[in-house]
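Worksheet: the structure to be examined is printed underneath.
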Amino acid sequence: MLPTYVRLFTAVCALATTASAVVPIEVKGKDFVNSKTGDRFQILGVDYQPGGSSGFTKDKDPLSDPDACLRDAALMQRLGVNTIRIYNLSPSLNHDECASIFNAAGIYMILDVNSPLYGGYLDRTDPESTYNDVYFKQVFGVIEAFKNFPNTLAFFAGNEVINEQSVKNVPTYVRAIQRDMKDYIAKNLDRSIPVGYSAADIRPILMDTLNYFMCADDANSQSDFFGLNSYSWCGNSSYTKSGYDVLTKDFADASIPVFFSEYGCNEVQPRYFSEVQALYGQEMTQSFSGGLVYEYTQEENDYGLVQINDNGTVTLLVDYDNLMAQYSKLDMSRIQASNTTQTSAKPPKCESSLITNSTFTDSFDLPKRPSKVQTMIDKGLSDANTGKLVEVKNTDIKQKIYNANGEEITGIKLSILASGESNTPGAHSSGSTSGSSSSGGSSSSSSDKESAAGTISVPFVGLLSAASFMAFFML
C-alpha cells in the first residue's frame, strides 16, 4: 500500500485539473485588479468569433464546441493572451467545457450579452420597441450561463449601438440596460461582475460618450468600464501620427478602466502590431488597461491571426507570429504594478454640463423598467441554463496545426495553470516544427516558475502548493 503522503499528493494533483486557474477580476477606480493580490490586471486579448456573426446560430456559438475551444485555447495560450471577447452567445447551449478550458488556460472572458437574432438586441433606430422581456431573456440568460465561472471578467451591455444611424435617446436605453443588468447581478449572483459599453471611435462625440456612461447616478446605471473600438494605428505608425497621444490625454482623467475592445488596423499587411509597445508603454498605461486585437480567426474582412481550415486544422498566419513577438517584449511586472492614485479615482456626478455636443443627449432620465423584467430580477430567470465549472480531462489537441510556411507544428497542448495564475506571454510556448528543437512543453522564467508553484485549492487544508502539501505529510 502506498504511503499516506503519496496518496494525498496524488489526490492533490488530480484536483489540479478542476482547481480554479484564475481568480475573479474586480474594478477599483480606473483599474482592473486581481481580487486576491491587488495587482493591476492589463488586458492582453483577442476578439473571438469564429465564422463571424453569420456563423452564429441558436444551435452553435464560439463556446459550444469543446474540441475547437481546446485547440484555440492552446494556441491563444501560446500566443500570450489572457483575455478573449465573444460577441454572440446562445444562452440555451452548454458552455461548461469551453469556459472551463479557457479558465484552465488562464484566459478570462469578456462577453457581449446581445445577439444578432430576433429579440436579441436593442434596435438603435427604435430602442423602445426592443426594450422588453423578450430581449432580457437573452441578456439575463447570458449572465446566468457564465456567472459561475471565475474567468468571466465582464459583460458588454452594447457594442457600437451609438453611431450615425442611432436616434438621440439610445444612450438612455443603454444606461437602462446597464442598470437592469447590475440589479440582476446584485440580486442573483454570488459576486459582482463588471458591466460596461463598447464604443465606436467617433471623435466628435467620443468624450461625450465616455462622460455619459462614466458618471454616477442614484440608479447605479453607470458603466463599470469603457471599451473603445479603434483602428487609428496602421502599419508602422507612431504614438503621435496615430493619434494615440490624443487618446491618452483624453482618457487620462477617466474614473473607470478604459481599454481597446477592438484594435489592429489591416490597411498594411501583414500587420506589424507595433502599437502594442505604445499601448502597454509608460504613457498609455496611465490611461488604458490594455486591449483586444481584432480578431482571432480569418474571416471575409481579412483581420485574422489564424486560418481555420474546412477540416478543422489551423494555419497560423504571419499576423499571429508578429503579435506573439510584440507580446514577448512586454515588461509584465511593470504593466501589472498597482497604482493607488488610479484605484482611488471617483466618477463625476451625472449633469447635463458633462455633454458638449448638441447631437448627443444630455438627459439622464432613464426609461422605466418593464414589469416582467422586474419579476425576472426579483425571482431570477425561471428557465435559466446556469453554467458550472467542470473538470478539464484532456489537454492534447486533435487537430493539426501549421505555421505560415505550411509546416506542421507538433506538440502543441494546453497547459493547465496553477490556482491563481493567469496566462502571460512566453510562459507556455508549446510546439515545434519538424527539424527544430523544442521541449514541446511550457517554458518559464524564474519569476514565472515561482508564480506557477502557486496554490491549489484544497477544501480541508486551505491554500497550499502541491510541493508544500507533500512536504508537510513527509514530516
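We number each residue from 1, going along the chain as drawn.
From the backbone N, Cα and C atoms, a Cβ is placed for every residue, glycine too.
Between C350 and the candidates C215, C234, C265, Swiss-Prot records a disulfide bond only with C215. Feature annotation from Swiss-Prot across N88, N236 places N-linked glycosylation site at N236. Sorted by the number of other CB atoms within 10 A, the glycosylation sites N236, N311, N339, N357 start with N311, the lowest. For C265 (disulfide bond), the same-chain residues 6+ apart in sequence whose C-beta sits under 8 angstroms from its C-beta are Y231, S232, W233, C234, G235, R271.
Neighbour counts of Cβ atoms within 10 Å were compared across the disulfide-bonded residues C215, C350; the minimum falls on C215. Using Cα positions, the member of the recorded positions C98, N339, N357 nearest to D201 ((1,3-beta-D-glucosyl)n 2 binding site) is identified as N357. In the three-state DSSP reading, C234 (disulfide bond) counts as coil. Comparing C350 (disulfide bond) with N339 (N-linked glycosylation site), their Cα atoms are 26 Å apart once rounded. In terms of C-alpha distance, the listed recorded positions C69, C98, N357 place C69 closest to N311 (N-linked glycosylation site).
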